[in-house]
Structures are given as C-alpha cells and as structure tokens.
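Annotated in TrEMBL:
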- C:7-10, C:H14, C:R41, C:81-94, C:114-116: NAD(+) 1 binding site (BINDING)
- C:171-331: domain 'NadR/Ttd14 AAA' (DOMAIN)
- C:S196, C:A197, C:W198: NAD(+) 2 binding site (BINDING)
4 protein chains.
Amino acid sequence: MKTGVIFGKFFPLHTGHIHFINMASSLVDKLYIFVGVDSDRDQILFNDSKLRAFPTPQDRLRWVAKTFQKQDTIEAHILDESGIPFYPNGWAGWSDRVKEKFKEFDINPDIVFSSELDDIENYQKYFGLPTKIIDATRSFVHISATDIRQHPFRNWDYIPNEVKPFFVRTVAILGGESSGKSILVNKLAHVFNTTSAWEYGRDYVYQELGGTEEALQYSDYPKIALEHHKFIEYAVRHANRIAFLDTDFLTTQAFCIQYEGRKNPVLDTLINEFQFDKVILLDNNTPWVDDGMRSLGTPQKRRDFQNLLIDLLDEYNIEYTVIDDKSYEDRYLAAIDIVQKLLND
Amino acid sequence: MKTGVIFGKFFPLHTGHIHFINMASSLVDKLYIFVGVDSDRDQILFNDSKLRAFPTPQDRLRWVAKTFQKQDTIEAHILDESGIPFYPNGWAGWSDRVKEKFKEFDINPDIVFSSELDDIENYQKYFGLPTKIIDATRSFVHISATDIRQHPFRNWDYIPNEVKPFFVRTVAILGGESSGKSILVNKLAHVFNTTSAWEYGRDYVYQELGGTEEALQYSDYPKIALEHHKFIEYAVRHANRIAFLDTDFLTTQAFCIQYEGRKNPVLDTLINEFQFDKVILLDNNTPWVDDGMRSLGTPQKRRDFQNLLIDLLDEYNIEYTVIDDKSYEDRYLAAIDIVQKLLND
Amino acid sequence: MKTGVIFGKFFPLHTGHIHFINMASSLVDKLYIFVGVDSDRDQILFNDSKLRAFPTPQDRLRWVAKTFQKQDTIEAHILDESGIPFYPNGWAGWSDRVKEKFKEFDINPDIVFSSELDDIENYQKYFGLPTKIIDATRSFVHISATDIRQHPFRNWDYIPNEVKPFFVRTVAILGGESSGKSILVNKLAHVFNTTSAWEYGRDYVYQELGGTEEALQYSDYPKIALEHHKFIEYAVRHANRIAFLDTDFLTTQAFCIQYEGRKNPVLDTLINEFQFDKVILLDNNTPWVDDGMRSLGTPQKRRDFQNLLIDLLDEYNIEYTVIDDKSYEDRYLAAIDIVQKLLND
Amino acid sequence: MKTGVIFGKFFPLHTGHIHFINMASSLVDKLYIFVGVDSDRDQILFNDSKLRAFPTPQDRLRWVAKTFQKQDTIEAHILDESGIPFYPNGWAGWSDRVKEKFKEFDINPDIVFSSELDDIENYQKYFGLPTKIIDATRSFVHISATDIRQHPFRNWDYIPNEVKPFFVRTVAILGGESSGKSILVNKLAHVFNTTSAWEYGRDYVYQELGGTEEALQYSDYPKIALEHHKFIEYAVRHANRIAFLDTDFLTTQAFCIQYEGRKNPVLDTLINEFQFDKVILLDNNTPWVDDGMRSLGTPQKRRDFQNLLIDLLDEYNIEYTVIDDKSYEDRYLAAIDIVQKLLND
C-alpha cells in the first residue's frame, strides 16, 4: 500500500487544488491532506483580501473534507503551523510538528506531492521522503488562492461548490405589505441569475393553516422563522455570487408584535444570530395592492408598520439602506446599483 | 348556486365529522363551516378531557381548513359563541352572532346541515332556513368528540391525520455518549411501531463537515439544533400516538458547553420554547463503546458530562425520569413501562 | 463477545417479533437472524391467507433488515429450508443447513433465542447450544403471524411500518375532466384517514411549464408519469391500509393520445409494470366544471375521451368497476361501499 | 390599468431579455410576452448554432413562463409567425396574426416595448400603438441570443437558471465493478466544478433493502432505474455546463440480466427514451477492489460482464468511447480531454 501526503493552506480551496489532489490520489492507495493554519499569517492574508469573513481552520478543513468525502482513500486534518519562523529557518520546527501529526494518526508516508520544485530538497532532508511535482505550471487550471482572495466574484468558476456558500453575499429586502419587495426580489434574482429565499410566511399559511390567515397564532411565528432559515440556507447554497432574501427574521418579529402584541424570543435570537451582508428597506410610498392576505391597508397603518420596522432595525443595531424612489423602475435601478457595488471586487 | 352551512365545535375534528362534511359538500356548490368557540365552555371540556394541551380556536380552525384545503368549495371560519346563555335561551343571541358572520363574509345560505333533529325547528325560526339531517345515527363512522377527548389513543384511527400531531406525545431520551440511548430509541420506536427523531449531530458531521468531527466549531451548534427541530417535527407529524426523540436541544447545549466552553443563545431559546412530554435520562453506568466520534471516554469525563446534563435539566426547570438499570434488558423494560403509562387513557 | 441466533419465518414480521428481537439483542453483542423459507410450505401459508401477493424470501429478509438497520449488532440472512421433512424427523437435515450458513458467514453462536419450550432439547442435541426462552406467553404484544395473514387490516397496528406497504391496497380512480375524481379521491382519503396520490399532471404544469399548459409537449408525458409514480410510492408508504390514486398511467397515456396523436412507450411500460388493486372508472355524466386547464368541454369530446379510457382499459386487460350514479352523494357512497369490501377481512 | 406587449424570439431567453422584461413590467400593470416562432427561420438559426437540440416553441415558451412565474402581472404566449414574408413586406401579415392573438386572449394593449428604434414607426402604423424603447444599447447586460447560440458555454452566466438545463451536456461513465468509475466521476465533477448523479443502486440497497444485497430481486431493478432518473434530472438541473453520470440505465439492465437472467421492460424503455450526450466505457483492466457488495470478482466474470455491456451498447445503438489506459492518472487525463472537447465552443 502506497501512502502520499499533501500540505497546503487552502485559503481557500480552489479547482486548481482539486486537480492537484485528483492527480495525487491517482498515484497512491491512501492520501493524507494537511490544512496548514497559522493564526498570525492567516490574519495577514485575510486583512489583505476581499473576503467577507475570516475562514477558520475548521472552515478550511471542511472544504477539503466535504469535497473529497466520497473518495475514502483521502483523509484530511488540520496542521497548526503557528509560531514557526518563516523560511528558510522554519523547516526544522515545521517538520517536528508534522511528524507529531504523523504519529498521532499513524501515518507512514512513501511520498510527498508538491507543486514547488524548491521543496524537493527539504522533504528529502527533513523527512527522507521523495517529492513528486504535479502541475507545477498550472497547465490545466490557471488560478491561485491569492487571485480568489483578491477577486472572488471574478474568479467564481474556480471556487468549488462546497466553498462557494462562504463567499456568497446575502441581500435582504424589507418592507411592509405592498411595498413591492417580493416582485423586486424576483427581478433582482433573475437579472443577476441567482437564487432567492421568498417570504415563507405566505407558504406557511398555505401549508400549515389550510390557506386561512384567520388560523394564525403566536406559536406559529417561531416556526415560520425556523423554516425561513432553511430557505435562506438553500438559497445561499445554490447562489451565484449573491442571494436575495424576501424579508428577514426582523420582519417576522414586526408582524408578531403587530398581531400578537409582543415579541417572540426565538425570533429575537435568530435576528441576533443570523445577519445579512446588506439590508435594503423599501419605503412604503408605492400604491397599495390588496393581495387577499391580512390587511394593513390604511395609510396610517402602513406608516405605523414602516416605523415599527425602522424602530426594530435601530434596536437590533442593523445597518440598512433605504430605497424610496416612487416609481418601480427607479427602485429596480437603485437596487441594481447597490448590488453591483457589493459585487465589485 | 346552492350554499350550505355547518356549525360545530370540532373539539377535536374526527372522521365522523369528515363523513358528515363529505356528505354535505356533495349536496351544495359552496359549503361554509363555522368552528364555534366559547372560552368558558371550552375550558370545561378541556378540564374534563385527557388532552395534553388546550386546543385554541385557531388550532381547531386549521384542522378543518387543512383537511378540506383541496376542496375549494369548502370554506371555514371561527364563530365566537362566548357569553351566550345555554339552551334553550341562547338561540336568539346566537343567531345574531351568526348573522353578523354571514354579513362579514357575504354568505347567503340556502340550507343548514345538522345531525341533531332538535335543531330543525330553531334553524327555521331564527334563520328561515331548512335543515338537512345527515347521518344522525352515525351509521358509518361510530365516534364522538367526547370519546376522543376521553380516550385519544384508543380512538387513534378516528383522529384525522391533520389532527394527530396535536395528540402525539413526545418522549426525549437523554444521556451521554455510550449510554445506549440511540439503540433504546430504535427499540422503542419499533416495538411501539412509530417514528423517532435520531440524533442529528451525527448526520451533521457527515453532511456538513465531510465526516470529520475535527471540523466542528461554535457556529455549528445552532445549525445542528435547527435541523434537529425539523426532524422532531417530521417524527411528530408521522407518529403513531408517540414519538421518540434521540437527544434534545439541552444535550446539544451540553456538548456546546463541553467543547466550546460557553452556551449558545439559539439553543437556549429552543430549550425554553420547545418542550417535550416526557424526558428520560439514562444513567451512564453501562460499558463504554467507542463509536469513532469525539470521545468522552474516561470514567471521570463521563461522570462530568452526566452531571452537566443534570445541572442543565435543573437550570431549565425540566422534569425528568432517570433509568439507571445496569442491564440493557432492564432499561428496555423500564422504558416500556414509562411509555405504557403515558399511553394509558 | 457473546453471539446469539434467532430462527423464524417472519411471514410476515410483526411487532411481537420485534419485541422478541429487542429482548434478545439486549442480551448479546451480536445477533444473527435467519429468515427461514420453504417454497412448498410458504405457498400453503399463502394460499390459506388474505395476503394480496406472495411475500418472497427477499421481501421477508428486507423487512427484518430494514427494521433493524440502525442496530449494527443485528444481521439477517435467508435460510433455505425447502425439502426438509417435517418435525420431528427434520431436525437432522435442518441443522446441517444451518451449520452450512454458520460456516458461510463465519458465525460461532453462544446461544439460541426461541419462544418455543420444545426447541430447547433439540438445539442442545443438534448444536450443543443453550436456548433462552423469551416472552413465551406473549405477555406484552399479543399477536401472531397467522392472525396477520388472516386479518391484516384488523391487526394493522401490529404490522411494522416497514412491512405495511406490502399490505396496502391501492385504489385508482379514473375519469375524464370534470368527472369529479379529484374531489372524490379527497373525500375517500379523508374519511378513511389515509393518503392519496393526487394527479401530478396539474403540478407538472405549474412546476415545469411555468403554469401554462400551452407549453406542454410530447416529451413531457413520460416525465409526468415518472413523477406520478413517486407520488404513488409515497402514498403507499404512508398509507393507513389503503391508498387512493387520482388517475393512473393509463389516463396519462390517454391524454398523450388525445393531444399528441400517439402513445408514449414509457407510459406503455409503466401501465403494464405497475398495476393497482382496484380501478374505479367514473362515468362522465356529471355537469361540466371549467377549471381553467385545457378543455375537453363539449359533450362529444367528453364522450370520446371516456371511450378512449374504456378502450385502453380493455387493451391493457385491466379490470375496472364503473360508478355511474348521477349525484355526487351516491357516487361517494358507492365508492365507500367498494372500499369497505376491499378492507373486509 | 395599463397594458404592455413585448415580442421576441427568445432563442434562447437570456439575462439581457430578463433586464428588458423587468424594466417593461415596472412600467405597466399587465405585460404580455409573445414568443415568436417560425419553423423555417428557426431551423436556420438552429443549423447555424452550437445547440445540442432544437428548442421547440414549447421549450421557449416555458423558459419565459417559468422565469416570470411568480410575477402574476406577466403572461406569455406563443405567436406563430411561420410563412410571413421577411421585412419590410411582412408587417401587414404579421400584424394580422398578432391581432388574432390579441382577440383570442382579450388583450387591449396601451404600449409596445422594444429595443429596436426602427420598430416605432411600424407599431404606430399597424397597431396605432406608441413604442417605448428600452436598453437599446444593452448598457447593463451585454449579451445577444446569437452569442449564446454560438458559444453557450463561454456565455454560461448569461443563460438563465431555468434555461441552463437545456444546454447542459451529460456524460455517462460506464464500467463493471472495480473499474474505478465512481472515483473518476467524483474527480471529474469536482475539477469541472459541477454536479454528478451517483450510482443509485448502492443507495437503494441501503435505503430499501436494509443494507443487504441478499434481499435484491427482479422487481427492484425498475425502481432503481426510476430513482436514478430523478438523480440524473437533479444533476442536470444544477449542473455547471456538464453533468457526470455514474452508470446509466443500460448498466442496470446488465445487472438485471446478470443476476436475474432476463431483461426488464421498464429499463428497456428508459434506455431508449433517455439518451446522453457522451458515453464513456471504462475497460476493466485495473486491479480488482472488493467493496463488500455482490461480487463479480474473478477475471472471467469481469470479462463476461464487460462483454455484456459492450453487447448491450451495440444492441441499443449507443455510441461510446472506450478509455483503456491502465493507470488511474492516464484515465483521468483521458477523460478530461474528452470533456474539454465537448465543452469547446
């Protein structure tokens, strides 16, 4: 049985890495992948990047583990490289760390796979292992992790499906009834050719209440929110760079306050726990359209509900952008403008 | 177009009602069903019953609305009958309430359907409407709402699928690793021929972490709990009288505290919001079996984790029953005993 | 490690068996279950039963394997007992067969579990193994496989969830547009408190054609049928004794002929491969109701379509019962009558 | 209420059209979209394109209808333009056809939306309608249907999600057990960052047979194929340009012949009905790896099964490419080469 080892930062994993790992795994019976993490170095890489959040060691490990999950000859682990001095002085300390891991997981490698010609000598010196150089010139997949950190959206096709959700930007569109938010979410999702999470409240009334809003009660609000969370997860998982969300948990809280006279603690926690990259609040200055659902149709009621949304946004410290154009055309163009800025890297 | 009306308490809806409504709807083009609610009377009915929770007006409305959702000739509403004196004096006041509803929903009935011969005269007197008596002797379906309120589990087959979840009893089985809870949940679910919600944490590691627990981090715990909630909902929806739950949100909180050193607020809210009918805590006095997952394998660690569970149960004011038999056979028989008491009506 | 063995016919598996296996598996580290099959004996058992189909050895094995799938200490195999003489002479020959299986699967048992006191001596004599008698008096679950073979519907609660689909009777209701079949299927499913598979064609138009029947074409018909098959499987899997099917593959074939002028071979095969226990054809003598879908609304067109259905039923050799009452009430009662006969065991 | 009309070929619909329709729908209360089809013209467009199949009028209608399904102010229909002479002589004949459609669907338009300045005069002349020009210079989305017909894969991001499945290329990878096809499918799906449909047979054994292949029987084969078809549909729906399929219906037929001694007619029909863009047959000259499933492990058995696959491919007239490299590395590179040719437009 032949055993190989690969070391990498996978910050983030990209399809170039995948080709590399595919090649390596074709040549051995068992392949170990070590995801190297170094808190200081990784923080610098992050600060220099356009990433929306810091990818933890666990994030990077799961990207690799999920992608190769069905190939049971491949096994991945985290390798903590923190505190080791930089090249060329670090090889001794680094090889000690690696050997500890080999011992911990009972690994007896026969070969190291690398794309760096310079590593050959050191793997021989510190591990007594031969190195096989793969795709050193990146002939098939032309991409680097640096490229992706700098321009994730321009290099979207090189970000593996299991990694994409980490990079997706979420845009929640809020507004009272008849603010046109559902139609706007549809327009944006279609023109940006991506997913959206529609307002689950309407589905809930259909699926769980037999279609009659008269049957809605306090205990339904957390259930609506939990299911809405699933829709959001689905939208993010299948998104093309950006996912549009029709309402958020805060709007559900607003409806709960409006109809039941009190907040719901589940909604409270979800609002705090799951935040979105951009929140757009639509002003309620478009004409009222009756959709047959429970009605907030008088001008005063619409204003009150809008104020409730604004109060909640402030209370939960959520930043938002208002779109208050009066024509649907201008609202659509204003939203496109906001999204393009978000995607511009 | 011929319009019919039905009045009932539907406390709860049963298959006898369904036969009645099926017959009535065969005879008209549009059928209105009024779910009569009276807070005082309903509280008395509840107190005299074996119901686990009070069925709200909205609960009862949705049972009717969901069952007949695909028959768009049927429409249901709540009728508040509170404060009207009892028969025979109440007919005048009651008919006023009904007529208001007729006005509100623009209903012009041609006929009333009833199973009570005595009603014929009053419907004529107060509404000028003829009454059609259906199935007065309950020839096809022999059941009454009183029977179900007294013995829901004995009359399970007469409880409509949309109503059953309201009556299902949930039994959560808690315990540390290697306490045998997963196997026990399986045994109970199979012998009682019903559903169970297995511990989602294991699935999560497989589905979201590529199978490696090394990739688990703080932000995963609420996601595990939200998905576990979905599994519980599914188990309850398809249960035969009782649903067994392998762990609960409190156990997930315990793991979060154990591995991340702090509570998660989403778990906190879920523990408080979603409670179960019976919580069984398995003592950790059975032999340790290594399942390849993250390990709490030393005797001291197992005791500590068990104590953490007990502390959390106390802290969240959750009542529980301990099973501390040493043999798996006795644990199984002890659990059967607990469940049979729960089902004994 | 302690190893136990169980022998049984499982014709069919019932909750009494499950309790027996639960008890046995509590007492050993590994439990082997042998599903004994004997073609002659099993044919006699079948002929004396009310079963709708012969349960093959593979059917019976999978019932056991699926029920205990998550308990990895349990493993089941088929044991062919055909041709061995009956008791008491058969023990020698039978024990030889068993020992071959022990060898094949490398089983070294320590104990046999049985509910028959009489077996103790023979297991000792032929295998040198002690026997543990479990639940000989059926104290907890009072059921036998004979009871179930004679009265499956009366003993429904004792049939494990994994076995129930085998016993479910399928009732397909056919008819042209506006024959009232969808409403009738709803009424029957609700009053018999069971599942139904609605006509997938309507969903398909909504989900795959954007809601416009104008976009329907020849290649859609097999896709409709394949998805309808999934709905039928789901209905059968969750049925309470009986499942109602709104249309069948033959009706889809009829629509294909009607609108595309030719049969589709996928539909052809599905009609032949998947047959139902009862086919009810509704006469088209009720009033026409326009549902906004593609129209066969003239009396001549409705007659033609009805004749097409009848021709296809004859062509595919499918037996069917006609309901031609003119009132919806009588049609509903006629259908109840047919179903009750089917369930009457 | 203001009504607008849009005319287009949508050959195919692209995100430029979507922006156009979004803008138009912002300006009216109801928008009608006519999908113009002309059998001769469309055939020429197709012949000049890189499309894998001819998009029927119904295909093009459903693309529009599905994309805008949730915007109920938008309604789409087919407009048959066949046989009308080309510009400029066609306007009279064309406007007659359009007016018939207006009459058929009771449309009274107030405005036409167009991107062609030249149309203004003719819409005024033949319909008396003003024209609003939108995005004539394609300022926001730079794409044309011609671009997509010539280079669908290069312009993938401009193909709407509802249209993409039409363009996806399917690559089925066939081979006997231990031919390495599952691993190869994984490698290709990951490096091309797209979906795959894994071999459902393995899942079926787990889900439906309790994990034991011993329970497999003749009637399971069509069920495996029907479910595999669903997986293929899912893979195609979410594919990035190409979808990889682990086995096909023909392989299931081969297993059915191998283990049951006869063909299954459902498989027969599925093989004929659903064909794939590229079929790759892996030679069975790699080392045998026992995966614990039913075994064809002797060299003779492997050769026989391979020959059975080849015979069936010939019998069903399916073209295929053989990959017979001996190393996994060369097989992987050979497959990449085949796929790149397929994607090269």
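The backbone N, Cα and C atoms fix where each Cβ goes, glycine too.
From a predicted model like this one, the values you see are computed outputs, not experimental measurements.
Counting in whole angstrom, C:W198 (NAD(+) 2 binding site) lies 34 from C:F10 (NAD(+) 1 binding site) by their C-alpha atoms. One way to see the shell of the NAD(+) 2 site is to take the Cβ centroid of C:S196, C:A197, C:W198; the remaining same-chain residues with a Cβ within 8 Å of it are C:V185, C:A189, C:T195, C:E199, C:F231, C:I232, C:A235, C:A243, C:F244, C:L245, C:D246. C:F7 (NAD(+) 1 binding site) carries a strand DSSP state (E or B). Counting only same-chain residues six or more apart in sequence, the Cβ atoms lying under 8 angstroms from the Cβ of C:E81 (NAD(+) 1 binding site) belong to C:G36, C:V37, C:D38, C:R41, C:W94, C:R97. Per-residue pLDDT, averaged over the domain 'NadR/Ttd14 AAA' (C:171-331), rounds to 91.
Neighbour density at the Cβ, taken as the number of other Cβ atoms within 10 Å, is lowest among the binding-site residues C:I84, C:A197 for C:I84.
Most buried of the binding-site residues C:F7, C:F10, C:W198, judged by other Cβ atoms within 10 Å, is C:F10.
Of the binding-site residues C:S115, C:S196, C:S196 has the largest number of other Cβ atoms within 10 Å of its own Cβ. Cα spacing between C:G90 (NAD(+) 1 binding site) and C:S196 (NAD(+) 2 binding site): 47 Å, rounded to the nearest whole number. In this structure, the C-alpha atom of C:A197 (NAD(+) 2 binding site) lies 38 angstrom from that of C:F7 (NAD(+) 1 binding site). Separating the Cα atoms of C:S196 (NAD(+) 2 binding site) and C:S115 (NAD(+) 1 binding site) is a whole-number distance of 40 Å.
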